[in-house]
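Asks: I grabbed these lines from TrEMBL:
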{"type": "DOMAIN", "residues": "A:36-592", "note": "domain 'CstA N-terminal'"}
{"type": "TRANSMEM", "residues": "A:95-114", "note": "transmembrane segment"}
{"type": "TRANSMEM", "residues": "A:120-140", "note": "transmembrane segment"}
{"type": "TRANSMEM", "residues": "A:160-185", "note": "transmembrane segment"}
{"type": "TRANSMEM", "residues": "A:191-211", "note": "transmembrane segment"}
{"type": "TRANSMEM", "residues": "A:223-242", "note": "transmembrane segment"}
{"type": "TRANSMEM", "residues": "A:289-306", "note": "transmembrane segment"}
{"type": "TRANSMEM", "residues": "A:326-347", "note": "transmembrane segment"}
{"type": "TRANSMEM", "residues": "A:367-387", "note": "transmembrane segment"}
{"type": "TRANSMEM", "residues": "A:466-487", "note": "transmembrane segment"}
{"type": "TRANSMEM", "residues": "A:508-531", "note": "transmembrane segment"}
{"type": "TRANSMEM", "residues": "A:543-567", "note": "transmembrane segment"}
{"type": "TRANSMEM", "residues": "A:574-594", "note": "transmembrane segment"}
Amino acid sequence: MRTANPRSIVIWSLVALVGASGWTVLALSRDEEVSAAWMVAAALGSYAIAYRFYSKFIVNRVLKVDKNRATPAERLDNGIDFHPTDRRVLLGHHFAAIAGAGPLVGPVLAAQMGYLPGTIWIIVGVIFAGAVQDMVVLFFSTRRDGKSLGQMAREEIGPFGGAAALLAAFAIMIILLGVLALVIVNALADSPWGTFSIAMTIPIALFMGFYLRILRPGRVSEVSLIGIALLLLALVAGRWVAESSLAETFTLAPSTLVIWLVAYGFIASILPVWMLLAPRDYLSTFMKIGTILLLAIGVVVTLPTLKMDPVTDFASRGDGPVFAGSLFPFVFITIACGALSGFHALISSGTTPKMIQKETQVRMIGYGSMLMESSVAVMALVAASIIDPGLYFAMNAPAGVIGDNVQAASQAVAGFGYSISPEDLAQAAKNVEESSLLSRTGGAPTLAVGVSEIFSKVTGGSMKAFWYHFAIMFEALFILTALDAGTRVGRFMLQDMLGNVYKPFKRVSWKPGLIITSAVVTGLWGYFLWVGVHEPLGGINQLFPIFGISNQLLAAVALAVCTTLLVKSGRLKWAWITGIPLAWDATVTLTASWQKVFSSDPRVGFFKQRSVYQDAIDDGKILPPAKTMEDMRTVVTNSTVDGVLSAALALLIVIVIADAARICVKHIRNPRSSKLSEAEYVESKLTVPAGLIPTQEEKAELAAAKAKVSGDAKAPS
Amino acid sequence: MTWVLRGLRWVRWYTRELTDESAYDRYVAHKRKTHPGASVPSRREFERMRTDQQESDPRQGFRCC
């Protein structure tokens, strides 16, 4: 029995007290405004305790990480993709790879249920599900030379489950890209400032690309500095353009933006990587880390007051305007990134395992990065909850519900049980120099308003418009990068699948194949984007739940693989570590799909919706929010596609889980029948700390190792 | 002043590592150590090789939503 020293008992009791007081205030406050400080306290206190105790328990007792076992980075070091990377660098790498627009969008939309359900799910979800998934996948992939999730599913579960997992990953990619593009369109529509600034990122990226390719190869930091300076210039210039005669050129209708985006996505994905993708990625990484730091400082310095209710009536009634359905299960699929995100499994099982120095570092990289992403989601929730709820609903309800002028919107908001005057709505738009903020669905504009509120408190009120557009640009930047990169990944998967039918497709350099598959992938997500923009019921309202379901479906695949591996590697006793999150995730996702398919509420169930509108068409009637017969037919088509898609996704998840369960049962019955494809044991020669700050013991080891091999001291401490 | 300098040096080292600007130096060092006699590509050639590799497997360096 170990004994804890008194000092650490005192410290951890204090941390627990901070977290507990945060939760208490959040949970007990009714009808009074609460400071965001309590949300921050609840989050940070819980993260600290989870990291210190739960993640340590998992790495030591369950995974039994071995600091003497060489990682693929050490064994297969080739100086390029496999190389032992300093843990602090890898933390930045991994975090920049997992955190994107996701943790910023989901929490904003989920704020319609109030801030409390979202906060609880983000914090509890990350501790017991999201961070665990990221860390365990990272660990198992590290033990398998950095194999991808798909490969692990195929090898450890079987070809059937593996194929289902692959198909799911492809479907998810398409829906993700469609929804992300829709978020951009909603933010940039009729906004010359935003459209100009974003358009300018293309020449800036091209310039950076040529600089790195021709002028000074590899000088990334200097070109990124130039790029960021140009980016800020483009942002400032956006205002001049919006006030000049050029404004009209950059004032684009949503359907025009769709065409531009699809064309951009197609061209960008067939251009060489160095031209657009690589430089844009540098820009968005710097912007991402910089803005997130700024936002964290802004929230802590200003400690704004939460104006949203802790729990709104929509949570139980399920008739919210942002997305339909009640708290369970829809909050848990709306907030994916930040709590539990299947996509992370693709990062944890691809790039990162090839760079990690020590198995012991999976805790800091896998669990730690995910806690950081979760805190980004908490900040997004803060940003959405500090703006006037009336404004929040006017911005996030579909146009069909809210109308197209401030008077109608004000009335519609009153119908939801909140109030905002038409003057205030007009003023809010004027503050950020937009023609209108009504129905700017998708989360990004709402977040931008919240961010501008926080930042302008620090920099003075006159900067509101600048910060709003800064936030829009920051999100649009990495969504555009995601469109390009995602189209390439989707294409790669498609080439691989088609290669089984017609060989040349497998050769990624085969130009016709490249163009065909690029066109197919862009066409597919372009379809969802087009549908989303023209959906009378609101694109985000209809599509976001499917996106959430598909992302959580991928998480179910990842957790099923983890659970199977825990069982197969003789850790049956600990299978609940990922088994319980899997059960929860499956329950949530399947309930959501069930409701989306079978619910008798036409707002929730796609097929019910379809039949209601079809019956009306047969009777020659037009149901609001549709305005024409054409709209009616659009609703019928879309709800059919969405319903079939929800059902198909649910079917895939059931297949993967059933196949994984079969393997687990088989292993338990006859442990010797199953084989584990783990890489061989090689002793590690590296001496590196496990966590951010080396312990006393590690310091002594480092000193001893240094004395043994003097010289080769490259990395400064 | 020394700690300011040290701090700046650390930031420089960190950004170079994070953006993979140091990839070439790392590769050369690796090559020199493992194949002392072998020729080393120029920085230009190396950077091209790296983007070509990303081209052929876009899953490398993929970013999440």
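Our numbering is plain: 1 for the first residue shown, then up by one each step along the chain.
For all residues, glycine too, the Cβ spot is worked out from N, Cα and C.
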Asks: Counting only CB pairs under 8 A, let me know which of A:95-114, A:223-242, A:289-306, A:326-347, A:543-567 has the most with the transmembrane segment (A:191-211).
Replies: A:223-242
Asks: Does the chain bring the transmembrane segment (A:223-242) near the transmembrane segment (A:367-387), so that three or more CB pairs sit under 8 Å (pairs 6 or more apart in sequence)?
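Replies: Counting Cβ pairs under 8 Å (6 or more apart in sequence), the transmembrane segment (A:223-242) does not reach the transmembrane segment (A:367-387), since there are fewer than 3.
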Asks: For the transmembrane segment (A:289-306), which recorded stretch in the set A:326-347, A:466-487, A:574-594 gives the largest number of Cβ pairs separated by under 8 Å?
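Replies: Comparing A:326-347, A:466-487, A:574-594 against the transmembrane segment (A:289-306), the winner is A:466-487.
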Asks: To what whole number does the mean pLDDT across the domain 'CstA N-terminal' (A:36-592) round?
Replies: 94
Asks: Using Cβ distances below 8 Å and needing 3 or more such pairs, separated by at least 6 in sequence, tell me whether the transmembrane segment (A:95-114) contacts the transmembrane segment (A:508-531).
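Replies: No, the transmembrane segment (A:95-114) does not contact the transmembrane segment (A:508-531).
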